[in-house]
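According to Swiss-Prot, the protein has these features:
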BINDING   49, 253, 255, 289  Mg(2+) binding site
DOMAIN    40-314  domain 'Pyruvate carboxyltransferase'
REGION    456-579  region 'Regulatory domain'
């Protein structure tokens, strides 16, 4: 097949390939053979890196709500602000400390640049804290060295070392606070690896990194510049060359400029990282920080404990939306409104069969469904494990098929339609959506079903030539049955009698006397619930003249439900012939 694509005409020549800017060579890479088996150390940076990117930065009340959420979910390292950058951030750090809001097993993290008055102010904010991470950073990239700082490599290294020494100096003012240091060569992805490791190792030496006093070296993809495998190569290279490695907690801080922040974080973790910084639902500058929800639940669906509680994902989403004043997109992995929803007919059918297989497997194992291995097509996680219901799993529109329609009827109304009846009713829905368009809600689906099969006071309009009232049966010595039925025929009350080898056959005899040619082709029934007072549903496939249609009947009496189903099929055939 000929490729018909043409040049875009866009000025792509203005952009330099990453490999022509930064060399990352790792021919003996080992990370592709690694498998993730446990969660990394997490650090949530919603209150600083996320907050600075908001159109309307969080108020103190919204910050506290976000902090409480992060603590409740299980995050043990939480970046809470840049206290030297604003009075608001400083006051929030003080509020957390003085109000005893920080649990003993949670470490707050504060950010600072490498200038003395900023570092001094940072330490002032931490007075009274039990433990804290002081996060020092300066930009090291080729581009920023040239256009922002106008400094050579040695000049930028001096900035980092001066900042590290000042941190050690002011550490003495916090004798009762356990300080852990973190250093970030900002714009790491735009920095030569040899230079990045030179700066990081020099800073780690000032901080006296050791197995007993570990230092966090954080390698940010401040701007995502290449494919995730390149980031992973750079992380493995750094992991091999940082020293002392046992004294280093290697941390990642991916952004999402190319849309691959999650992949970069996962591959970087495989490449030797120990820790990942990010935000819930990927908030952050430009296209955002890496999404901690996606990262955590990607582990969960692989059978790995994320060490974070996502069991009420809707509450997490609502809180984040309130605090950030930004919506979480409907397609956001795991947390969006539509992520567990199937509109496609083939998908719906597979999901329906998956649920049925799950129930069979659980019954065979003598277990509750919640205790067996989750295996349902198109659903990588059980929505109930995240606090969701199954209500939104299947929704009906013009792309839907019998599986979705059948699932909704069974899940919401306990009606388990035979397969051919599913096909017939899905055709009714298809004609409706083709004509009207849009989605059919569960309530609308039920209304359409009633209007089609169960004309009653709840139907949109009364229709049908026949309506069945009371019945009485008599059985003779030969097993034959006589049915005395009270019917409404064309609006008039009549009493009719028919005979046959059962109640359905006797009703067919009555209808034949009335000039209706009807035969039963298939029949099934089931209880709608358990217990002695359960309603029964009957499904009867009838040939009425040249038309083959299904009828449905619901009644507390099984025989009555089957008779109503025959009347339903006959009425539908007559209406169909008249339309």
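For all residues, glycine too, the Cβ spot is worked out from N, Cα and C.
Locations of recorded Swiss-Prot features on the structure.
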{"residue": "49", "record": "Mg(2+) binding site", "contacts (Cβ under 8 Å, 6+ apart)": "79, 277, 279, 284, 285, 289"}
{"residue": "253", "record": "Mg(2+) binding site", "contacts (Cβ under 8 Å, 6+ apart)": "45, 184, 218, 219, 220, 221, 222, 276, 277, 278, 289, 290"}
{"residue": "255", "record": "Mg(2+) binding site", "contacts (Cβ under 8 Å, 6+ apart)": "220, 221, 222, 223, 224, 261, 284, 285, 286, 287, 288, 289, 290"}
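Other than the site residues 49, 253, 255, 289, same-chain residues with C-beta atoms no more than 8 angstroms from the centre of those residues' C-beta atoms, the Mg(2+) site, are 45, 220, 221, 222, 254, 277, 278, 279, 284, 285, 288, 290. DSSP places the residues of the region 'Regulatory domain' (456-579) in helix, strand and coil in these numbers: 32 helix, 56 strand, 36 coil. Taking all protein chains in view, 29 other C-beta atoms sit within 10 angstroms of the C-beta of residue 289 (Mg(2+) binding site).
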